[in-house]
Each structure stands twice: as structure tokens, then as C-alpha cells.
Amino acid sequence: MRPARALIDLQALRHNYQLAREVTGAKALAVIKADAYGHGAVRCAEALQDMADGFAVACIEEALELRAGGIRGPILLLEGFFEADELPLIVEHDFWCVVHSLWQLEALEKASLSQPITVWLKLDSGMHRVGLHPADYQAAYRRLLASGNVAKIVLMSHFARADELHDPSSTEQLAIFDKARQGLVAQISLRNSPAVLGWPQIPSDWVRPGIMLYGATPFDEPNAVASRLQPVMTLESKIISVRELPAGEPVGYGARFVTTQPTRVGVVAMGYADGYPRQAPTGTPVLVEGQRSQLVGRVSMDMLAVDLTHVPQAGLGSTVELWGKHILASDVAKAADTIPYQIFCNLRRVPRLYSGA
Ligand SMILES: *Cc1c(COP(=O)(O)O)cnc(C)c1O
């Protein structure tokens, strides 16, 4: 059997969820969209079910998968419905629903639902992706309540730059949010992971942690709270071939790496078809037999090469950690010029093995 696999530590997931609640004192929706950022949505939800205040996913398809997997409790649809015919299912399964656009508001007004639903009314406070314009916000709130189809409204917005700890725009977005909601008596929700970890002054009744649940920092710089996160996924495989090369020999496609001295190279059963980023250059950290080393040459579809010159105890069958408890996914992402969100979401083909539930 091919040795590539992703080990998922559900105890670490629970620890990270608890940390989000502890540092904010708020209720937390565990964001498990995109198959829990590649970690497996149903398994992650099961592991959190007894402690989580609720879950958040992108769309009704993801929410239905959770219900089919036996997940109870609140599930928020972060983009609401895409078509009005989803509304009866939203009622049936008791999903919570973001309203981010006037067309959704109008569809809700026109619908005749067998029971009123819970709406999270989203304000565009400056990111300019989705959310109602501040000038429309109060009227939308009143219209939702008057529609008879809405039982409860939570006020929400989303930050564009909360991962930049010295940038003023999150504070500016908060001011726009506070002005738009003046006089409305309702719970609020603003904070994603970077805002949970790095912006303690921003109020929230509900927080929406995603990436931090999986133990990766959203920041480029060290952060005291982020340092308490525990990586959940360990992507590992084994060395399937070893060669001793003299100086001047190329390794892999395109001869992108050429040895400058006698070099021992190990080939690992892991490639970009597993989700390991092809953009990762020579020098990207890996762990071999518990010792740090580095990637050499281009990542292939099913294989990649690592330097074993300074890891003499490593050989055929040695375990290699591509990311996990020692090699941080955020460091691999940075080397590959991307973010841990993307490298987690790209995971495929490798079996996921769960522990700690
Ligand atoms: C994805 C998402 C989150 C979670 O973001 P992280 O940065 O992963 O914590 C929170 N809120 C909304 C609206 C989202 O779409």
C-alpha cells in the first residue's frame, strides 16, 4: 500500500476550538466549510459536536452532508441560499442562513415558509465582497422581521485584513459596523481566526474560527495566542528510493536542482496530485526520521525528492513529515508562496486516518 497519508488529530481540533472560546469568551461557530479545510467535515463535526455552539459551512450542499452524517445543532450557511428553492430545505433542516444581498432579502419576503428561520444579516463594512451596503442595513433588518419568515437576526460582518495586525482597516470596519447597527438590539458576529487571535478588543457574541481550528496561524509574524494552537493534520509518507549522487548531477524534472557536492537523495511517495504544492522550491522544510531537512528539485505528480546527506540514519522506508507537528503547514505554504488554507484544501488522494476522538 502506498504510504502517503494524512493523520488527523481530533484532540488537537478540540483543543483549538476550546482556545477560540477561551480567548474570546464568546460562542463559537466552528467553520468546517470545504470539507473542514480538507480535514473531513463529518469527522471533525462529530469530534466537536458535544462542545461546539454550532457549525458554519459555505452552502446547503455542505450542510446537508453534515445532517446526513448525523450532525445536530445549528449549522450556518455562510453564503445563504443561492436559489430561493433552497428555502424549504433550510426550514426542514433548521439551518441558519446568511443574508448578504438585497435579492436574498426580496426572495425571503416573497417566500411562504412553514416556519420562520434564523438569519445572519451581513453588512459590507469595507471588504466589498458580499454584504449589504450600510445605507440599506437598518431597512433590511426591519423588512426581515416584518416578512414573518424570520424569527431571529444576528448582525455580522467580515474583515478583509485582520491578519495584518498593524493595519487600521479592521478598526475602521468595526466603526462602520457599529454605526450601521446603531439602535438595533441583536447579537453580533465579526471575528474570523485572525480576529479571534489578534484583535481582542473587537467585540463579538459569536466568533467564526476556521483556519485556527486546524492549528495553523493566519499570521506572517509570531503571535502569542497562535503559538498555543496545535497542528491537527500531519501529512506524511515514506522514502521509496535512495541514490548517492556525485557533484554536478540533476534531480527531477527540468533539472531544477543540481548537486554541488556528493549528495544522498531520498525519493518520497508524495506529489502534487496529493495536494503537496508543486510551487514548493528546493529548500522547503521536511522532517526525515525526526530530523529537519529539505526538499530538492521539482515536485512531481506522485513523488518528490529530499536531501538525506545530513540524515545518515534515514533510508528506504524512513518516515517523512511534509507538514504537521514539527514542520508547520504555514511554513510550507510560505515557501510555496501560498497560504495554509489553500494547501489544506488541496489535499486529495491520500487516506485520512483519525485519532483522538
Ligand atoms: C471562511 C469564513 C470564516 C473563517 O475564516 P478563517 O480565516 O478560516 O478563520 C469566517 N467567516 C466567514 C464569513 C467565512 O467565509
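From the backbone N, Cα and C atoms, a Cβ is placed for every residue, glycine too.
As recorded in TrEMBL, the features of this protein are as follows:
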| type | residues | note |
| --- | --- | --- |
| ACT_SITE | K33 | active site, proton acceptor |
| ACT_SITE | Y253 | active site, proton acceptor |
| BINDING | R129, M301 | substrate binding site |
| DOMAIN | 232-355 | domain 'Alanine racemase C-terminal' |
| MOD_RES | K33 | N6-(pyridoxal phosphate)lysine |
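The structure, with features from TrEMBL marked on it.
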residue : record                       : Cβ within 10 Å
K33     : active site, proton acceptor : 20
R129    : substrate binding site       : 10
Y253    : active site, proton acceptor : 12
M301    : substrate binding site       : 12
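Y253 (active site, proton acceptor) is 11 Å away from M301 (substrate binding site) when you measure Cα to Cα. Counting only the Cα atoms, the space from R129 (substrate binding site) to K33 (active site, proton acceptor) is about 18 angstrom.
Taking only the Cα positions, the spacing between K33 (active site, proton acceptor) and Y253 (active site, proton acceptor) is 35 angstrom.
Secondary structure from DSSP puts M301 (substrate binding site) in coil.
Mapped onto DSSP classes, the domain 'Alanine racemase C-terminal' (232-355) shows 19 helix, 46 strand, 59 coil.
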